[in-house]
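**Student:** Please find one structure pasted underneath; my questions will follow.
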């Protein structure tokens, strides 16, 4: 049986993702679709609106056969590490293709880009660091550096978030010489950052905004979401009494920062270049997470980067934890969140060839990465009432979801 | 001008304290009464019902002339260190007497006890550790050890909380050969631990229970409290919408423990002998602070000791912070919380002779002890709504309260 891998966050699972699954199945010709998904926190440093278990159910119902968890230490990272962790996880699971969405829908642009970059690595790096040293933000700096090596934006803008990620996947596959064929499908209609819901294929950002701002399932949001997502969103809200957003964590993260020394803050992953002083400086005067972010934000410290830093503070993710990952960038285990019958069949046929453990509950391994995952999960559920947060945390120890 | 020192927590200030002030003034013949008071957290490891500033106001209105803050690192400690910090603070403030309440009201028992203990130090220590090694609780172990050196309970039970503290004051004065005369007055009517309000002089514990259990000022509580305390309790509740008790911190401290490794937990002051595993073991299953405490408590880990440990976890007070205090057990500064006109006169006359800074706002020193104080204050106010907690924290930077 052949498997095709998708790399996703499903926050929430929406029509764009359903389209992605459908097209990936067609394009790859694979029998089994394996999604590797961020857990409690997402690549852009946000808490997921509903938890990983509810998102897993929605994904399985919409046609994914296996849902694997992308460990926190890979998920809440810049695109390079995110891509590295995701690709390696899918490789361990034995996929022969990985399919991602892009504006162009043409994989040759990515392959060409990879070689252009590889052959001009030094030029690219010099240009990138020149820009970063000037205080240019990472996306803008990389756009300018790409230009230096001939990768202009006329065919493909490599600085667009989805292209950055797609490029990361290709780079990861080719750098590691993995026997995986990268595929891309055309993303249609909406832009990643488009904040208005424009049709049945809406951007993830716009749906999130709509859900979190209104606090309910508006008609517009409903039109962009498949039935199964709607039912998971409603089920989660009924059980937890809210959807997760940064503002709900403001009290916890402010408490945390106010009881840390600057030295302790500097030991947190991502707190670099004196950022600890900037975070502390405003901690006592702000009354919301948004206000704090706005106070700290500069051209260099982008919103996304700062959100990731706050996620690391909230989850107490230390530089020491990350340096282990950097020292040994392999994937220590593959964690199964859910599967269909077909997914189970695939995994049964595949299991014996896997050289890392396939785990379901977090307590089936002593690996640091799983311990970080537990902390992230605990922090994630901390905003719920006592009984709920204990009950929800215990899901981490349950057998995988099956539909 | 002569000053007499009192060592107090004022949680809340009640008729027993008013009596203590009155009698101390009489017994010492001093013009100025200086109270050194615990701040956000108390010796037994509890958050103060209302904050230090409101308690300072109540104390000044009831006849205290100067209120000094006992730093957190001395306040939330076993009786020895609590006494050491309090006595040294009062010494820096220049008191010639220190007056404490006791069941006997006879200082000679304490002096006799001090010498008996000093002359039989080895016997006492051996007996104490024999008992502690058996798993006996500290109060019970010390009672048995005192017996070994001839200090039986017929004249004075040295294992009673108030006597333990009183004895600590005398020991601190005499060990350090301070030019301070210890005085004691008779505590009347109620026992320290008595949980029923029995008259106009009620125990601190019984009043706290009454206030926190009912959540309001019952008639019984009112009868045991002076008018000024009642008005401070009401004012605080009106502003903060609640009185502080451990249950309100349950979410924060559970979040904190769940995102710490056992190694990090073991670096917290008071987390010894594998207690980190015991705390973690139950963290995920309990739904209240009380339930957690009951699950962890053993004969050796007394309620009080565990509450102090949780206070250190909540405030992120590390063993490293404490080892500085142990290495240099001097008082690095004297912090003034409030004063009357007479108190101001006294301090003005005294200031030049002081060999440590007299500070009012916490940012007037860089000392570790003040940084710990800030963390404690931040943690203390963390349960209030955003605007309130910022506003209340800013009190730490205001001039002293004057009435």
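Cβ from N, Cα, C; glycine included.
Checked TrEMBL, it gives:
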BINDING   A:7-20, A:101, A:162, A:187-188  ATP binding site
**Student:** Which one of the binding-site residues (A:10, A:13, A:19) has its C-beta surrounded by the most other C-beta atoms within 10 angstroms?
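**Tutor:** Of the binding-site residues A:10, A:13, A:19, the highest Cβ count within 10 Å belongs to A:13.
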**Student:** Going by DSSP, give the three-state secondary structure for residue A:7 (ATP binding site).
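**Tutor:** In three-state terms, residue A:7 (ATP binding site) counts as strand.
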**Student:** Over all shown protein chains, what is the count of other CB atoms within 10 A of the CB belonging to residue A:16 (ATP binding site)?
**Tutor:** 19
**Student:** Run through the Cβ atoms and count how many others sit within 10 Å of the one on residue A:162 (ATP binding site).
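**Tutor:** Result for residue A:162 (ATP binding site): 19 neighbouring Cβ atoms inside 10 Å.
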**Student:** Restricting to the chain of residue A:7 (ATP binding site) and a gap of 6 or more, list residues whose Cβ falls under 8 Å of its Cβ, or answer none.
**Tutor:** A:35, A:36, A:70, A:83, A:86, A:87, A:90, A:98, A:100, A:165, A:169
**Student:** What does DSSP assign residue A:16 (ATP binding site), in three states?
**Tutor:** helix
